[in-house]
Amino acid sequence: LREQPIFSTRAHVFQIDPNTKKNWVPTSKHAVTVSYFYDSTRNVYRIISLDGSKAIINSTITPNMTFTKTSQKFGQWADSRANTVYGLGFSSEHHLSKFAEKFQEFKEAARLAKEKSQEKMELTSTPSQESAGGDIQSPLTPESINGTDDERATPEVTQNSEPRAEPTQNALPFTHSSTISKHWEAELATLKGNNAKLTAALLESTANVKQWKQQLAAYQEEAERLHKRVTELECVSSQANAVHTHKTELNQTIQELESTLKKKEEEIEGLKQEIDNARELQAQRDSLTQKLQEVEIRNKDLEGQLSDLEQRLEKSQNEQEAFRNNLKTLLEILDGKIFELTELRDNLAKLIECS
């Protein structure tokens, strides 16, 4: 998977009451694993915690977030996208400090990644170009997604820092496969949305490339016409100084057109690079779709195996019950036979005594 855990700890998970915005509501009955995940493809850091197969924390770290220590063993942060405030109760102050350090570290990494992304978008954006007939606007670039300011909440909380007992859980294989399948479905939906945006930007860029090619052809024709005009002026005009001045101006105009032509060629190369990147993303989406299908097939196989095992277990239980019933019947018959033999022995003993 492209998203891997990079730091994990255990803590009691809470969320702020959406009605009062003051009281904490526990979302886990016991201490659960809370992990930082890093998505190398999108360069995104997330905090994820699962209670069984239920995700009780799924928070993307943004540069605007702040992790606040409200006591020696309790900390909180606000997630404006999820419209909630998360709280974590740790078993020791050391675990709280370590989690806070990692939060600050990954928050700074998210800020640097956002700045690099904005710089890249500014470099790939196309400035407006001037032509003989008027101004040509550069193509629109995709809007950068900036997180809103996080609402800081300071609710009144009484945190029990004592660690709670954790019941053991035996997870079935198909439950794990179902979790992986849901994860891939969510990632595939995200890729589809990104692919739609890239497709729209690609179509717009292609249209602008065609327009720029037409402008380049017009610039080349204008340059040829100006060269011919210079030649005609040199042949026809008898005023050498005026012709020389006019020629200088025309040469300067030609140089400006050639410079503009060179810039257009560089912009076309940049657009070709963007098209190649879009094709790579398409290939990645196809690969993820294939992996999702394989996971679904494996999940169905596991469900079939589980159903077969349940049928075998039920059959074995029925056979054992029948076997027990047969044993009971045999025991009853044996008891009767023993009783008859006892009576026969008593009768024989009486006959012997009488004789």
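Here the Cβ of each residue, glycine as well, is placed from N, Cα and C on the backbone.
Marked as coiled coil by TrEMBL: 202-333.
The compositional bias 'Polar residues' annotation in TrEMBL covers 138-147 (among others).
If you look up TrEMBL, you'll see 156-173 (among others) marked as compositional bias 'Polar residues'.
For 1-110, the entry in TrEMBL reads domain 'WH1'. Across the domain 'WH1' (1-110), DSSP helix (H, G, I), strand (E, B) and coil residues number 18 helix, 54 strand, 38 coil.
TrEMBL lists 114-173 with the feature region 'Disordered'.
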Next on the checklist: Within the domain 'WH1' (1-110), what mean pLDDT does the predicted structure show?
Outcome noted: 91
